[in-house]
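First up is the structure itself, then whatever we jot down about it.
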Amino acid sequence: MFSPRTEIENLRREINRHNQLYYVQDNPEISDSEYDALLRRLKELEEAHPELVTADSPTQRVGAEPLKAFGIVNHPYPLLSLANAFSDTELEAWYLRVKKLLGNAAFQIDCEPKMDGLAVALTYRNGKFTTGATRGDGFQGENITRNLRTIHSIPLNTEEDAPPVFEIRGEVYLPKEGFAKLNRERADKGLSLFANPRNAAAGSLRQLDPSVTAERPLDIFIYALGYAEDSLLPDSHWQILEYFSRLGFKINPRNRLVNTLEEAKEYYREMAENRDSLPYEADGVVFKVDSVSLQQKLGDAGREPRWAIAYKFPAEQVTTLLRKIGISVGRTGTLNPYAILEPVNVGGVVVKQASLHNEDDILRKDIREGDTVVIQRAGEVIPEVVAPVLAKRSPESKPFSMEETLFNPKLSRPACPVCGGEIYRPAGEAMHYCANVSCPAQFERQLEHFVSRGTMDIRGIGESLSVILAQEGLVKNVSDLYYLTAADLLKLPRMGEKSADNIIKAIADSKSRPLDRVIFGLGIRHVGNETAALLSSRYGDIWALAGAGLDELQTIPDIGAKIASSIKAYFSEEKNIAVIRRLETAGVKLASDQKPSYKPLPLSGVEFVVTGKLDSLSREEAQQKIRSLGGTAKDNVTKATRYLVVGADAGSKLAKARSMGVKELSEQEFINMLEQS
């Protein structure tokens, strides 16, 4: 007769072995009922002896108390994103670039299906799974350890010869069969259906109650080692994955190691042809240089490794009926045509609408109401109308006309679909506009823009709340935001005290945003974030900018007659000046920390490009310093580029700059130039 401790330890070993056989090797030795009997006996013993329960017991995969929120995990080594290729030509360019950087040295290529799931990092210490985190922004992720413990193909402990501390990375996914079953169960319960397996996997992993996650048939494939301490591992990605497979981790059996570019292309073609028959969603193939030492030699370019690339599958195309061409109103009065479609599933997402850009684009493609059209999700994300199916076109169809579509019989003229204002199309522009500056739809979009992350970044006020605030009359111009109270917000439906307090705090916090954000947030036509930064550094004060003349504005690099006229027109409107005065009264910062300068700044007219990693400041900080001194910071080298600031691991921009004779500056030379300016 075994002691309870010994029987518990034996049961755990046996159950873990059967988990490995069933979930990882797909080779079960016992029936489900026999497995359930083992697990039931272990639960009975642990309930009788709670002091013997451990975190890595198979019984602990389910049943933990719900969390109130996820904690944050810092990734010791960033989870980088991958550069994309969309054609054989782009794949060949990557291959030749790698070959050149390696001095034409031969290298093998790992080929792996690009799973459409959620990337996670799993940390093990002394053989035990201790922490699991989402990818997040690559540097920080959410702590979802308890939810990951419910996935049977993730070992809770490893073999004795595993490294003492290591992080391994994988893709959590929901198999197609499991996804279909999950949606059938939700339909039976009257619940909303998941749009695609990726959304279902994401929603499952982010449940605060791990028992909900445990009910979902999630799985995982390990695709990379993050790091390992005190361990001599092979200099081969392929062999490292084989090693971790022996430790009990699940590796995709469709991975392949090849020696040539042609073999890599053949692998891609095979995967693309068999995409629909795969038991999981995949949106491409990942190619990696196999040698770890060569990976380290190649390094990273920004947030992408040079030694890997994702070759995406072609966008999935389907046909559906274009019921109607609708028109929406943008924040600057643009009238934006869009397709209203018979709902259709494209790549796992139900698409009901798609952008049509402008009248010229519609006429170029000859898209008409009532057409059967080809739809694709560009980059697997944005729905796009590719073309009409002419063979199915009705002989009664008519070419699209913006003015006919917007014709208002009551007004006997084309009119804005929201306010009835007159419409116009400026010479040389593709867009039509609503002439009514008081159009409510324009203001709703303006408010959304003002509070968005890239401008005043007011957390808690998104698209839907912006519309409600405008329609309820609580906010009639952007300055009204700064006079709202929690009591005002509590009058709105489904608004709680805590949410109201958080929004008021976020509004107060936004008062100290930099001047360029305020300028961008005002929504001046043709003034994007880069132009706003130029204006901020040139004038340093909103009132100085408001008083600038047309000729003076056009002396600023990259500001021509059209932008200058738009700026002048904005500040000539008394209602806009009144809004700015109210912002000032509310305490919004309307001057930059830099002393205003009405003389040409030291770097006026000088264009810079920054490449590589700088030690003393980030690329964004370097660009900001350039702009603050009147210079222009661009992302690409052109004939207009005066200087290329070169940091560590400089990429293709360096070669291009040298071929064009652009002057190079080291980081120290760049800093010296800034200090002297």
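The backbone N, Cα and C atoms fix where each Cβ goes, and this holds for glycine too.
According to Swiss-Prot, the protein carries these features:
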BINDING   ASP32, SER33, GLU34, TYR35, ASP36, SER81, LEU82, GLU112, ARG135, GLU171, LYS288, LYS312  NAD(+) binding site
ACT_SITE  LYS114  active site, N6-AMP-lysine intermediate
BINDING   CYS416, CYS419, CYS434, CYS439  Zn(2+) binding site
DOMAIN    598-677  domain 'BRCT'
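Overlay of Swiss-Prot feature records on the structure.
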residue	record	DSSP class
LEU82	NAD(+) binding site	coil
LYS114	active site, N6-AMP-lysine intermediate	strand
ARG135	NAD(+) binding site	coil
LYS288	NAD(+) binding site	strand
CYS416	Zn(2+) binding site	coil
CYS434	Zn(2+) binding site	strand
CYS439	Zn(2+) binding site	coil
Next item on the list: Using DSSP, tally how many residues of the domain 'BRCT' (598-677) sit in helix, strand and coil.
Entry: 29 helix, 18 strand, 33 coil
Item checked: Spatial neighbour of LYS288 (NAD(+) binding site) that is closest, considering only the recorded positions LYS114, CYS419, CYS434, CYS439 and their CA atoms -> LYS114
Notebook entry, point to check: What is the nearest of the recorded positions LYS114, CYS416, CYS419, CYS439 to ARG135 (NAD(+) binding site), using the Cα of each?
Noted result: LYS114
Notebook entry, point to check: In sequence order, what residues of the same chain, 6+ apart, have a Cβ less than 8 Å from the Cβ of CYS419 (Zn(2+) binding site)?
Noted result: CYS434, ASN436, SER438, CYS439, PRO440, ALA441
Check: Using the Cβ centroid of CYS416, CYS419, CYS434, CYS439 as the reference point for the Zn(2+) site, which residues of the same chain not in that list have Cβ within 8 Å?
Finding: VAL329, GLY333, ALA415, PRO417, VAL418, GLY420, GLY421, ALA435, ASN436, PRO440, ALA441, GLN442
Note to self: Cβ atoms within 10 Å, counted per site: which of LEU82, CYS416, CYS434, CYS439 has the most, among these binding-site residues?
What the structure shows: CYS434
Item checked: C-beta crowding around LYS288 (NAD(+) binding site), within 10 angstroms -> 22
Check: Along the domain 'BRCT' (598-677), what average pLDDT does this model show?
Finding: 82
Note to self: I'm trying to understand the geometry here, so how far is the Cα atom of LYS114 (active site, N6-AMP-lysine intermediate) from the Cα atom of LEU82 (NAD(+) binding site), in Å to the nearest whole number?
What the structure shows: 11
Next item on the list: Using all protein chains in view, find how many other C-beta atoms are within 10 Å of the C-beta of LYS114 (active site, N6-AMP-lysine intermediate).
Entry: 21
Margin query: Quick check for the class: what is the C-alpha distance, in angstrom and rounded, between CYS416 (Zn(2+) binding site) and LEU82 (NAD(+) binding site)?
Written below: 43
